[in-house]
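Student: Mind looking over this structure? Questions follow.
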Amino acid sequence: MTARMISIYGLVLASMMASVLASSSRFQRLPQSQSVVENESVKFECESTDSYSELHYDWLHNGHRIAYDKRVHQIGSNLHIEAVRRTEDVGSYVCIATNLASGAREASPPAKLSVIYIESASVQLLGSNRNELLLKCHVEGASGDSEPLEIEWYRNSEKLSTWRNVQLDQHRLIVRQPGSDDDGLYRCTASNAAGRVMSKQGYVYQSSVKCLPRLARRKSQKVMESWDKQTFLCRGKRGGAAGLEALPAAPEDLRIVQGPIAQSIIKEGEPTALTCLYELPDELKNQRIQLRWRKDGKLLRQVELGGSAPISGHSFDSGKDALLREDARLVLHKQNGTLSFASIIASDAGQYQCQLQLEAHVPVSSSPGVLEVIEQLKFVPQPTSKNLELDAVVAKVHCKAQGTPTPQVQWVREGENNTLPDQVEVDANGTLIFRNVNSEHRGNYTCLATNTQGQINATVAINVVVTPKFSVPPVGPIETAELGTVVIHCQAIGDPKPTIQWDKDLKYLSENNTDRERFRFLENGTLEIRNVQVEDEGSYGCTIGNSAGLKREDVQLIVKTTGDGFAPEESGGDGFLVTRAVLITMTVALAYIVLVVGLMLWCRYRRQARKARLNDLSTKEAGGDQPDATGNGKGSEQEPCLSKQHNGHSKSRSKSSGDAQKSDDTACSQQSRASKKSAHIYEQLALPRSGLSELIQIGRGEFGDVFVGKLKATLVTSPSDKDADTEKQHSNSENGSGGSGSGSTTLSTLNEKRRSKTSMDDIEEIKEEEQEQHNQSGLEQLVLVKALNKVKDEQACQEFRRQLDLLRAISHKGVVRLFGLCREKDPHYMVLEYTDWGDLKQFLLATAGKVNTATAGSSSPPPLTTSQVLAVAYQIARGMDAIYRARFTHRDLATRNCVISSEFIVKVSYPALCKDKYSREYHKHRNTLLPIRWLAPECIQEDEYTTKSDIFAYGVVVWELFNQATKLPHEELTNEQVVQRSQAGSLEWSVAESTPDSLREILLSCWVANPKERPSFSQLGAALSKAMQSAEK
């Protein structure tokens, strides 16, 4: 390790130590992810519950501290951004609360800001052939997470929908078997909360064969002599077709004298007329001629001027007369060709052109005229009153106005100086937005639309309501005897107060259509039926509702006759049945109490007798002058959570004495000896709480808080001394309890334990390294402290004991040491070894540049090389092999549960910060927080943990190392999807891209479904060693 590397990693240490500091405060209000229209304002709220200390709030944007200005500023603890810009403001925002007294700080979860915008749209051709026309509407814009982008397609001016051969598929338009009816200009529009745009250029589709049909000519008709030799062919040809270019020009004396005015500006609602004066020569009056008006190229109106039969417009308009609809406002005058409008509307705006069409000739067209409409100021649609749900995060009331020029929209509230209340704002589109709806938002709000035409307004009533809920829902099915009484409860809460309506078999019940002597509708909504009849059986529904909505619950009423097993009522009526039920209940309760008291007395007597025998036995074994190690047998009662040995492989080796005792006494005696032995072991681990200092909370685990602190160097014992003392006590305990045990058996057991502790390392090397650290006088040891807060939680206590036994039994430089246990008072403290660089995941994030570690005059540390990653993986494999040889399982192996020192030494640890810091990496499954993305399938399905499941998790750890821990395994899936696919065996794993080729096969074998086919840690260590040698060459 070079001096440069140590200097760089020192900077990483400083940043990581600052990042793990956390105060005891919690956030009362957290920043929420939001989607906002570009150029609108947004506010992120942040507030801590620590009201007793002075707090300072800071905000980070994408991991960098925000530089405030007039547009981005902080008011109190909240962050305000005016005129949001998508190029600068998109990303994640984190609130940092710092306690000025202690310097501890806490970070909120990141809140994401998405910007909604829309710029342009264009039509793209994806494919065109005889069988299918495929177009796509490409949109430059984003809709955030709130509302999807809405796409509409138009053919010429006709809006398209999925019908016949036309199919709309999200952004795509599919026309199957396109024909001449599908010819035209295709355009699309896209809209979202930011606005609406139409494609500037569309796509013109023309079928491959287009010809002009010729009408059969009657014998009585004659063609003019000058055209006798003209021939009209209809021949489809690949690559082109005969069109209007092949038609002859119309006679020169057939012309339009005056067309529409080049530009007309008309107010909406006023009448107007478009002129089309034409000249028709006498020789053509018997010919088939049509006068046509077109709007934006589409045929609008037509009239026959000569001939006895109309001319088909199919030749020139492909049969699409979309604008030839009934409209009484439009009248086409045949005499002078004028197109008159009785009343102009906004949709009449466009380009108009009149034409004279002589059969089989090029049409004669006038100059186009543009009609502009001054749209009247109006609301589209009219704003309406609305009910808002109480405590809704966001509620909107729309107010859209149209007019020429575009009107400005604003909102005011009646009273209170016409100002809007807090948490109510207006966006750029005129939408009234309510945030965190409360009762103060009730009232009348007026929408004002203003332009040069004037001002219009619309007032709406906003009411804050609470959706009706069942406080006492009807519960069934209900069985009752004939002629009995039944009560069906139904009570509701809400604002306004909900009404309650009963029905039977979907027929409403009321006092008017029921027997008032038998049916009673109580004021609280309960239905009471007396003298129940057989015909009363059925399904009863209770419907509650107010202005906020409706809810309904059904219950089935079953009426039993006497023959069905119900006894007829006695003369005493209901009173006799109630009395009999009370007497039976009281008798059963009294018998239960007597039984419980008797069992308590018997257990107390047996416990005292057993303790007396144990005290006598202990006195005899110790020579009569050795006190009980557990304090006269009371240690197990004082420490109920740590009184039993729950290590699955540690079994009592005590043998029964020669005394003839009953089987239950023998079992109780062996259990008591095991408890005394376990308590004696915990006494050896005892540490005074006063030896701990500078405790700083870094998070919360499965059974309590987790701290980082310092332990006095005088309390740190050498691992060799600790092991020798422990083995000596084990030997004495076994020799004392098993009078006939041999010394050779004890010696072989100790040797076996020593071998399990050394694993693949030399025990003398461990002693020399750790003894050197211990002899450095005047230094304090950095430790990790895990508190046992849930003393009464049996599952938490069992896991606490399991981790104690795991770390106590292993002495290996790849696994953190257990320094001791503080049991002087609650909560109990488990004191573990900790390193100066902290947990491995934060180290990987820092080297990947995901954590800002740079200080003044320095840069972020470089990413790890492949050789360094392999070295880390190798050290973890050696530590896990030691755990395997000690016949333990880890169950939560991940980079977050490993620590790394400034000497680049990695150790397997067990912080397990599953409640806050790494809560995203845990999921509650079967009422237990599990790291499901690291667990083997058998752990999730059958709760079966073995060394092979640790192998599975190790493969995920190597995947984390090569990805620098920058992403979660299968982060594209939700936790529920991971559980489902893991149980179904369909969760697919792949190694990281930077993984060496020599490791890919063995790492993939870590994730096979059959645990027996997975490799061992020793095989993984050998493969990693070879890979390290290859990487160094």
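Placement of Cβ uses the backbone N, Cα and C atoms for every residue, glycine included.
Heads up, here are the entries from Swiss-Prot:
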- 655-673: compositional bias 'Polar residues' (COMPBIAS)
- Cys46-Cys95: disulfide bond (DISULFID)
- Cys137-Cys188: disulfide bond (DISULFID)
- Cys276-Cys354: disulfide bond (DISULFID)
- Cys399-Cys447: disulfide bond (DISULFID)
- Cys490-Cys542: disulfide bond (DISULFID)
- 25-114: domain 'Ig-like C2-type 1' (DOMAIN)
- Asn39: N-linked glycosylation site (CARBOHYD)
- Asn336: N-linked glycosylation site (CARBOHYD)
- Asn417: N-linked glycosylation site (CARBOHYD)
- Asn429: N-linked glycosylation site (CARBOHYD)
- Asn444: N-linked glycosylation site (CARBOHYD)
- Asn457: N-linked glycosylation site (CARBOHYD)
- Asn512: N-linked glycosylation site (CARBOHYD)
- Asn524: N-linked glycosylation site (CARBOHYD)
- 1-22: signal peptide (SIGNAL)
Student: May I ask which residues of the same chain, at least 6 positions away in sequence, place their Cβ under 8 angstroms from the Cβ of Cys490 (disulfide bond)?
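Tutor: For Cys490 (disulfide bond), the qualifying residues are Phe470, Val472, Pro473, Pro474, Ile500, Trp502, Gly525, Thr526, Leu527, Cys542, Ile544, Glu553.
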Student: Taking DSSP as the reference, which of helix, strand or coil describes Cys542 (disulfide bond)?
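Tutor: The residue in question, Cys542 (disulfide bond), is strand (DSSP, three-state).
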Student: Mean pLDDT over the domain 'Ig-like C2-type 1' (25-114): what is the value?
Tutor: 87
Student: Which three-state DSSP class does Cys447 (disulfide bond) fall into?
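Tutor: Once the DSSP labels are grouped into three classes, Cys447 (disulfide bond) ends up as strand.
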Student: Give me the count of other Cβ atoms within 10 A of the Cβ belonging to Asn417 (N-linked glycosylation site).
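Tutor: Looking across every protein chain shown, the total is 6.
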Student: Roughly how many angstrom lie between the C-alpha atoms of Cys399 (disulfide bond) and Asn429 (N-linked glycosylation site)?
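Tutor: Cα-Cα, rounded: 8 Å.
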Student: Let me make sure I understand the structure: which of the disulfide-bonded residues listed (Cys95, Cys137, Cys354, Cys447) has the fewest other Cβ atoms within 10 A of its Cβ?
Tutor: Cys137
Student: Nearest to Cys95 (disulfide bond) in three-dimensional space, by Cα, is which of the recorded positions Asn336, Cys354, Asn429, Asn457, Asn512?
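Tutor: The answer is Asn429.
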Student: Taking the Cβ of Asn524 (N-linked glycosylation site) as centre, how many other Cβ atoms lie within 10 Å?
Tutor: 12
Student: Cα-Cα separation of Cys447 (disulfide bond) and Asn524 (N-linked glycosylation site), in Å?
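Tutor: Answer for this pair: 41 Å between alpha carbons.
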Student: Between Cys137 (disulfide bond) and Asn417 (N-linked glycosylation site), how many Å separate their Cα atoms?
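Tutor: Each residue's Cα considered, Cys137 (disulfide bond) and Asn417 (N-linked glycosylation site) end up 48 Å apart.
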Student: Looking only at C-alpha atoms, tell me how far Asn336 (N-linked glycosylation site) is from Asn512 (N-linked glycosylation site), rounded to the nearest Å.
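Tutor: Cα of Asn336 (N-linked glycosylation site) to Cα of Asn512 (N-linked glycosylation site) measures 72 Å after rounding.
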Student: Tell me the Cα distance separating Asn512 (N-linked glycosylation site) from Cys354 (disulfide bond), rounded to the nearest angstrom.
Tutor: 71
